[in-house]
Ligand SMILES: NC(=O)c1ccc[n+]([C@@H]2O[C@H](COP(=O)([O-])OP(=O)(O)OC[C@H]3O[C@@H](n4cnc5c(N)ncnc54)[C@H](O)[C@@H]3O)[C@@H](O)[C@H]2O)c1
Ligand SMILES: O=C(O)C(=O)C[C@@H](O)[C@H](O)[C@H](O)COP(=O)(O)O
Ligand SMILES: [Zn+2]
């Protein structure tokens, strides 16, 4: 089975990628030394409706997990849901001998991972991602957390999962819009590290919920290699995974959470970052066009909704975690596959790039 090993000393773990793995979860946990822990599944209502039965049935009669759900969508990535889930788990008798299984997209993974990082001062967790965003990106790397009105992911912790189980078959129940949005992150990985993968992504038919396991695994491996070189984002290497996110997060936080999906906001953020890359890093316009065409292939937005004011995006992005001492650190491409963090981008460059998204 395609497996991506994430090597992080005593926090290392494998990412297993194969159709049908969801129904084998209990055996996989046992094979990875996790069967002695009492499982609590955290999911959202839509994902739970489709997939929690298969997961729970994998445990048979013994060690049956408890199930805790939140409403579907970005608004659930909140500190109030963290408290609800922790209290529900305490009432269900969970303690330090428990583990969390996050079953869902990036919202569930980030939320459940954060709960795991603080519950009884931290318990282990396993990711079972069910969207493209979460399969290629959020389930790997240990960034967990929640949003606040002031901005995206501003509260959180680094907490690596013990195991990631990717079952591409779970994607078959994803609505079209949610399937498409995930490709913004997959395209981001190719754009920063692997030009050839752009052509492989173009072979995916956007109307089908079918992504080859080996292509998923290769895309996941890009993220894994970056995380291994800079787990805590202190060396300007992991920050490269933020390509498209400075303006993208600003756009996402400018509307009530969930109105624009994360991948959709990142598609816009990538277009703005390409524009800045042409001005500041010598990116050739035809390279931008290649990436924009691929975003278009997955029906991703490239034009900013009129209802979003530039000033609001500027205010939200001012809290970007990459900024240091008020200085903007921005991720650009000099060519496809070559990303850099630069500090020559000014506030007026950002404003101009947001304006560019209106055309
Ligand atoms: N931690 C990280 O490194 C990281 C990386 C990328 C994104 N993120 C975060 O991930 C979040 C976005 O994740 P997402 O795009 O997966 O959103 P999501 O988790 O909200 O899922 C999107 C929608 O699809 C539904 N859904 C999920 N899986 C389904 C399935 N298999 N069948 C039917 N419906 C399904 C969900 O109920 C939800 O309504 C954002 O909060 C973003 O900040 C985190
Ligand atoms: O894992 C990372 O590092 C990333 O930057 C992945 C991003 O796709 C993801 O959206 C992440 O949550 C953004 O990180 P943040 O630190 O800017 O919140
Ligand atoms: Zn992202």
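Glycine is treated like the rest: Cβ placed from N, Cα and C.
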Item checked: Candidate sharing the Zn(2+) site with 245, 262 (per TrEMBL), from 185, 286, 306, 315 -> 185
Notebook entry, point to check: In TrEMBL, which of 55-76, 77-98, 99-120 is labelled transmembrane segment?
Noted result: 99-120
Check: Which chain neighbours of the Zn(2+) site, leaving out 185, 245, 262, have a Cβ atom within 8 Å of the mean position of the site's Cβ atoms?
Finding: 133, 137, 184, 188, 244, 248, 249, 263, 265, 266, 269
Item checked: Long-range Cβ environment of residue 109 (NAD(+) binding site), under 8 Å and at least 6 residues apart -> 102, 127, 129, 134, 138, 139, 144
Check: Between 72, 131, 170, 173, which of the binding-site residues has the fewest other CB atoms within 10 angstroms in the structure shown?
Finding: 173
Item checked: Nearest-integer angstrom distance between the alpha carbons (Cα) of residue 262 (Zn(2+) binding site) and residue 173 (NAD(+) binding site) -> 19
Notebook entry, point to check: By a simple count, how many Cβ atoms lie within 10 Å of the Cβ of residue 106 (NAD(+) binding site), its own Cβ left out?
Noted result: 26
